[in-house]
């Protein structure tokens, strides 16, 4: 007998619980197969600690200082050093006011970043707590689902298909498990674990179900020890690369401006040393978008919180930008497009065995089901009985074989009242037919019934039985007999059809990926209005392709298909891979352990509600509510978040260009030295205003969106260049002419550099901040209502700027108030030259889209002799495309959507077709039948479904 040791010694690992016999494990851990009591579990938790890895607590001070350690902050810090080190010349003291101002700007920016990120981090931690792994544990003699963190050595847990093992444990009696240990050992194939073997925390159960006794938790597990040996890797994501590219563009623009100033001011113009340094400081301070990392990270954090409120928890923050760009969604049918609430029509049950009625077929199916911890099919089978207890009435359960994706069936070995042994099995018809080694006539009859069911959108479930004369659960038993076929109806969700229509309008192509038969997939697709261009999974391997699509390569077939049927997990992975090769941003939904590779491969892996731990672990977004509508809502929210970030980046690039080139030309042409301190005031007011962009109301992009750096830089350069030019023109009119004095009766500022400084400051401040209203809107800026917070922040900032320009009298900043008359003139000037900004924005977008060149070179629109610019051809192409997409006509070898035809043109044709259909509908209203059908169509009801399932 093993020497008894204390729990403290077990914690210190003085005994090797992995190698000793299982009975000694119970003895050493002072526990039984009945599990621990709740009190004992709580006391052991004090000894062993929670079952999770130690979290590194980052210093708050270091985290705060970290916000000052990035390339954009380095430039500002270099400017601060310049203000006191290099600006100490020409008999003037160091530029302390600019130094203090720069430090204040950095501290303000870091404080806002720290507070917002801390709040977002707390919110994210609360959300992720909801995703904390759960496990089935035996406490006080009852099985219950608990958080894995409460597990202690000695607990009895249940491990089933799809579970991530929550702690190191030894397996108890039962069938062997298949365990995927690739995350720990790198083994690519699942390993077989027999009773008595150890399973490691972090590995995944791929097949089987078994109980186990916990022997190590938290940092004492194999996974916990390994985690201490490796440092976390810092992968640079796409979002970080975009930030770096935009930051580098701004820094390079500033560097070019500074280089030009240095070359012109010192060797050519022979300016004073200190004047040159002051001008360089203006470009450095004003050009750097110091708030960019803060604004973008806060925007993403707030957006992530909003997504969680809609039922989508983001595990990876940058998944938001990928969700905004998603253009293909591969969706499961069961549970996502349908309710996953199955029912059986007793009248359609088909009996194959002699001396058996339909009720016995249902009873046998219920016996081959779980009575607890059920999935949807088990619950349906047991629920069809008058009393669920009948499933185990008069029999004694010997062994239950749970469902696994390979065998696709469940089975129960049981003993009846006469002490005879039997085995019942239910599962996929093909697997059950092979199990029974059915004759050809039986197979033909089964396939015929399956086709009839499928035409009505019904899935098939087969039932078989056999006797076990050897009276042993390991014995093969007698020959399997095919007993019957059951039709399962899984009704579509009430909102699926409308959601799919919304998805198509948003430019997201929804493809149904299902393991069901092709006929079921087509019928579901027809009911949901997503098309009937469905193909069997065999077509992905180049087999069983329809003659109409035989010439299509696999990639093109996947792209054009509305969905695939009879799909296995490896097919899902292949579908995602091929779509990505065609440059699509792909989303994939999944719920099972075998979906994990496809979820990992997809740009956005989406674990649906009630997904297994393995699917959640592989996904980027976890849904807390069922259905497709949650995903589409998340797409819209993601696009709104992305739009805010994109709006800000265009604004940041524009401001850099306008500050750098505006002040550079003024400094070089007129040798006028703008005050670096006043640029600091502009930067501080700008940052305060721009922080509100993270909560701005925006109109999401109507199509999938992504980081188009070419568009961001082009728009920023053009808008910023225009603003710089308007500032230069304003300064010329104020400095060299009496235009404003003559036209508006204000005093001339030509002889007062200090008053000109105030006027120039106000003009730059107004037009710089007003630009955000242009970059935030897709159409005319005055038609899209901004968020109230942004409007209030803008008004406060510009009120402060106007008061400074009117009343300030700061000798250190060379500023003197210019009066209310000039303030009014500057506001009028800014408003007049603000108006063309929208037109320029539209022009840039139009040129970059390529439509301008297409119209000019390809369509020759300006010189065409066709009436209505070839409208008839476009309508014909649209009609052909629609007929093909909905299975009414096979596709031709030629490209259906000629690339010359823009999305907008096709949309216009679609709108015209809708209007004609609406007119026809209104004419139908004159008949009673037409009125009833029209109302039904308007409410989105399916008349055929109503007729099938409801009778009077």
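In case you wondered, yes, glycine gets a Cβ from its N, Cα and C as well.
Feature annotation from Swiss-Prot assigns active site, 4-aspartylphosphate intermediate to 332; the stated evidence is similarity to another entry. Proximity of residue 332 (active site, 4-aspartylphosphate intermediate) to non-local residues of its own chain (separation of 6 or more, Cβ distance below 8 Å) is seen for 513, 514, 589, 590, 591, 608, given in sequence order. Residue 332 (active site, 4-aspartylphosphate intermediate) falls within a strand segment according to DSSP.
Under the heading Mg(2+) binding site, Swiss-Prot lists 591, 595, citing similarity to another entry as support. Contacts of residue 595 (Mg(2+) binding site) defined by a Cβ separation under 8 A and a same-chain sequence distance of 6+ are given as 569, 572, 588, 615, 618, in order along the sequence.
Here the topological domain 'Cytoplasmic' (1-64) returns a mean pLDDT of 79 for the predicted model. Look at Swiss-Prot and you will find 1-64 (among others) tagged as topological domain 'Cytoplasmic', backed by sequence analysis.
The annotation topological domain 'Extracellular' is assigned in Swiss-Prot to 85-96 (among others).
Residues annotated as topological domain 'Cytoplasmic' in Swiss-Prot: 118-246 (among others).
Taken from Swiss-Prot, the feature topological domain 'Extracellular' covers 268-277 (among others).
Annotated topological domain 'Cytoplasmic' per Swiss-Prot: 300-646 (among others), in sequence order.
Annotation comment: Swiss-Prot describes 669-673 (among others) as topological domain 'Extracellular', evidence class sequence analysis. Across the topological domain 'Extracellular' (669-673), DSSP helix (H, G, I), strand (E, B) and coil residues number 1 helix, 0 strand, 4 coil.
With DSSP states grouped into helix (H, G, I), strand (E, B) and coil, the topological domain 'Cytoplasmic' (697-712) comes out at 4 helix, 0 strand, 12 coil. The topological domain 'Cytoplasmic' feature in Swiss-Prot is assigned to 697-712 (among others).
Remote same-chain residues near the topological domain 'Extracellular' (734-754) are listed as 670, 672, 760, 814-816, 818-819, 821-822, 824-825 (criterion: CB distance under 8 Å, separation of at least six residues from the stretch ends). If you look up Swiss-Prot, you'll see 734-754 (among others) marked as topological domain 'Extracellular'.
The feature topological domain 'Cytoplasmic' is assigned by Swiss-Prot to 776-787 (among others), with sequence analysis given as support. Long-range Cβ contacts of the topological domain 'Cytoplasmic' (776-787) within its own chain (Cβ-Cβ under 8 Å, at least 6 residues beyond either end) map to 644, 647, 651, 692-693, 695-699, 701, 837-838.
Only residues 6 or more beyond the boundaries of the topological domain 'Extracellular' (809-817), in the same chain, are considered here, and those with a CB under 8 A from a CB of the stretch are 97, 675, 677-678, 752-755, 757-758, 761. Taken from Swiss-Prot, the feature topological domain 'Extracellular' covers 809-817 (among others), and the record attributes it to sequence analysis.
Residues or ranges marked as topological domain 'Cytoplasmic' in Swiss-Prot: 839-952 (among others).
Summarising the annotation, Swiss-Prot assigns transmembrane segment to 65-84 (among others) and lists sequence analysis as the type of evidence.
The annotation transmembrane segment is assigned in Swiss-Prot to 97-117 (among others) on the grounds of sequence analysis.
Among the features that Swiss-Prot reports, transmembrane segment is placed at 247-267 (among others), with the record citing sequence analysis.
When secondary structure is read from DSSP and collapsed to three states, residue 595 (Mg(2+) binding site) falls in the helix class. When Cβ-Cβ distances below 8 Å are used as the criterion, the topological domain 'Cytoplasmic' (697-712) is approached by residues 238, 242, 245-246, 321, 324-327, 505-508, 585, 636-637, 639-640, 642-644, 646-647, 649-650, 653, 776-778, 784-787, 844-845, 848, 903 of the same chain, each at least six residues removed from its ends. Beyond the ends of the transmembrane segment (278-299), by six or more residues, the same chain brings 67, 70, 72-73, 75-76, 78-79, 82-83, 87, 95, 98, 102, 105-106, 109, 112-113, 116-117, 120, 239, 243, 246-247, 250-251, 253-254, 257-258, 261-262, 265, 641, 644-645, 648-649, 652-653, 655-656, 659-660, 663-664, 667, 673-676, 679-680, 682-683, 686-687, 690-691, 693-694 to within a C-beta distance below 8 angstroms of the stretch. Recorded stretches compared: 97-117, 674-696, 818-838; the one with the most Cβ pairs under 8 Å to the transmembrane segment (65-84) is 97-117. When Cβ distances are compared across the two stretches, the transmembrane segment (97-117) makes no contact with the transmembrane segment (713-733), since fewer than 3 pairs at least 6 residues apart fall below 8 angstroms. Cβ neighbour count for residue 591 (Mg(2+) binding site) (all protein chains, 10 Å cutoff from its Cβ): 25. Under 8 Å from some Cβ of the transmembrane segment (647-668) lie the Cβ atoms of residues 242, 246, 249-250, 253-254, 256-257, 260-261, 264-265, 269, 279, 282-283, 286-289, 292, 295-296, 299, 674, 679, 686, 690, 693, 696, 698, 712-713, 715-717, 719-721, 723-725, 727-728, 731, 760, 764, 767-768, 771-772, 775-776, all in the same chain and six or more residues away from its ends. The list of residues near the transmembrane segment (674-696) in space but at least 6 beyond its ends in sequence, with Cβ under 8 angstroms from a Cβ of it, reads 83, 95, 97-98, 101-102, 104-105, 108-109, 112, 116, 278-279, 281-282, 285-286, 290-291, 294-295, 298-299, 302, 644, 647-648, 651, 655, 659, 663, 666-667, 757, 760-761, 764-765, 768-769, 772, 776, 786-787, 789-790, 793-794, 797, 800-801, 804, 810, 812-815.
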